[in-house]
Amino acid sequence: MTWFTLPLLNLLWAAAGTSTWTRSSCSVPPAQQPLVQGIQMLMENSVTSSAHPNPSILIAMNLAGAYDMEAQKLLTDKLMASDSADLTIGQLALTIMALNSSCRDPGNKVSVLQRQMESWPPSGPSAPASNFYGPSLAVLALCQENPTRALPIAARFAKILRFGSSPFNTDTGAMATLALTCMYNKIPEGSDEGFKILFSEVLQEVVKNVSMRIKDNGIIGDIYSTGLAMQALSVTPKQPNKEWKCQKTMDTILQEIEQGKFHNPMSIAQILPSLKGKTYLDVPHVSCSPGVQVQPTLPTQPSPVPTTASNITIVYTINNQLRGVGLLFNETMDISVKSGSVLLVVLEEAQRRNPTFKFETTMTSWGLVVSSINDITESVHERTYWQFLSGKTPLNEGVADYKPADHEHITANFTKY
Ligand code: B12
Ligand SMILES: *[C@@H]1O[C@H](CO)[C@@H](O)[C@H](O)[C@H]1NC(C)=O
Ligand SMILES: *[C@@H]1O[C@H](CO)[C@@H](O)[C@H](O)[C@H]1NC(C)=O
Ligand SMILES: *[C@@H]1O[C@H](CO)[C@@H](O)[C@H](O)[C@H]1NC(C)=O
Ligand SMILES: *[C@@H]1O[C@H](CO)[C@@H](O)[C@H](O)[C@H]1NC(C)=O
Ligand SMILES: *[C@@H]1O[C@H](CO)[C@@H](O)[C@H](O)[C@H]1NC(C)=O
């Protein structure tokens, strides 16, 4: 009998269109609240009048409840004044969401984004449609502003995503889930049933891919994709293929915070909403009545024990084997730096000692990216970049954050994504 009733039940379930599933809920235990307050203050303190305005930080502040109202106002005003023409699709989308979360009208930025997405993906055989992260943000922002106008754009996005997103990336899958969930929930009355089916099918597949990245310790992808993945799994109407224990994820992330793994302000901006039980889908519902948040007084952190200024040696290799982009080379050097130095110091020391190791950086929301080494420069068009590895494992932090250990072998390898 069961062979018959089970599929039937599923069918009824799907037909009812109310296929909800039981989610496990989670929260930060009271004893760990100071950890969360600590990283929020670290993030808010990174907002200065000279720093480039980062919309992700404003979104996180507003979702979490800002402590520093001056920083909040400074960021809002700077983003209000930013010129759409200087921003990528993803940055524009984040700016629109950030302004909305500060209860400010994003003005013509929405129609600029709308127009850019109408001609996405750029035509041409080598045009990279493969980075869906920025376009996911765009669909999410347009969905929140005007779901009816966003509908055809989101449908095209969903169709391209279904066929073109290999290999799977957890951060991108999480952002696409947030975007498609927003659309799925806001399909205008009287629209073709096909839209709901399309969003539902693509969501099912992306959520399956995200849930396959859930590890035994609760981390989803790596520790820096976990915040976005938590947001995705907590809003999706589609049940993940693998059981997700939210509290397990939360506890592991809190341990990582305790270890000091979340000091980069952008990494905090991406984890904080999940720690507060919020997601980017809450952006339009932020209340902007004058806050009653009181800046907590934190117990003074034990200042890091001054490391004995002993030197460590890093084996550093720069490798370009990609043909047709200039000289091929594979050079290795032993570099001595003070123990506790970040990788950037190793690169600077290498450059000082040997001109072949010269490099350039560009500033981004996550900090400095190494854009060029020995005159070989990354290219969005060619989809090339300098990947950093420890041994054979790609680093999960940038050169300004990663601290190599004594005798570690670091390679910068010019490669494609
Ligand atoms: C796409 C992407 C890339 C692309 C960017 C190409 C492009 N032009 O689009 C490529 C493949 C080049 C890339 C490279 C790296 N990336 Co990356 N990347 C992403 C991803 C998935 C989306 C970024 C994005 O489009 N944001 C949206 C736009 C609107 O924001 P934006 O600020 O303008 O985006 C720029 C920055 O994010 C920057 N960027 C991308 N990655 C990194 C990494 C670092 C360390 C820095 C400083 C900047 C940076 O490139 C974007 C485009 O210009 C994020 C995921 C995430 N959660 O943010 C990871 C992410 C930011 N990357 C990460 C890492 C670790 C790297 C590498 C260090 C990997 C490596 N082992 O080499 C390298 C950078 C090495 C270097 N040369 O300095 C981590 C950073 C974690 C951390 N704590 O620092 C993330 C969070 C992924 C993860 N979950 O681990 N990345
Ligand atoms: C923010 O978005 C919501 C939902 O679309 C909208 O109702 C609200 O008016 C927006 N706020 C501002 C200030 O634009
Ligand atoms: C899911 O992952 C598979 C395997 O990496 C990939 O081929 C597929 O395109 C992904 N689908 C989506 C919608 O992310
Ligand atoms: C580059 O040099 C390293 C270290 O000398 C070596 O292990 C590696 O095999 C070389 N790679 C190539 C592609 O020549
Ligand atoms: C330690 O490293 C620095 C570079 O950071 C170098 O100037 C110094 O000579 C090194 N000291 C020793 C004892 O190797
Ligand atoms: C370095 O990049 C080349 C070119 O993309 C690639 O073939 C090679 O596998 C990469 N090496 C490592 C260790 O990732």
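Cβ atoms here come from the backbone N, Cα and C positions, even for glycine.
Curation plays no part in TrEMBL annotations; they are all automatic predictions.
Over in TrEMBL, the protein carries these features:
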- Asp171, Asp222, Gln270, Leu395, Tyr417: cyanocob(III)alamin binding site (BINDING)
- Cys26-Cys246: disulfide bond (DISULFID)
- Cys143-Cys182: disulfide bond (DISULFID)
- 1-20: signal peptide (SIGNAL)
For Gln270 (cyanocob(III)alamin binding site), the three-state class that DSSP assigns: helix
Between Cys182 (disulfide bond) and Cys246 (disulfide bond), the C-alpha gap once rounded to whole angstrom: 21
DSSP state at Cys143 (disulfide bond), helix/strand/coil: helix
Greatest C-beta neighbour count within 10 angstroms, which of the disulfide-bonded residues Cys26, Cys182, Cys246: Cys182
Candidate with the highest Cβ count within 10 Å, taken from the recorded positions Cys143, Leu395: Cys143
Tertiary neighbours of Asp222 (cyanocob(III)alamin binding site) (same chain, Cβ under 8 Å, six or more apart): Thr170, Asn396
Alpha-carbon spacing, Cys246 (disulfide bond) to Asp171 (cyanocob(III)alamin binding site), which is rounded to whole Å: 17
Spatial neighbours of Asp171 (cyanocob(III)alamin binding site) that are distant in sequence (at least 6 apart) but have CB under 8 A: Tyr133, Gly221, Tyr224, Ser225, Leu228, Ala229
Distance, Cys26 (disulfide bond) to Leu395 (cyanocob(III)alamin binding site) (CA atoms, angstrom): 29
Fewest other Cβ within 10 angstroms of its own Cβ, chosen from the binding-site residues Gln270, Tyr417: Tyr417
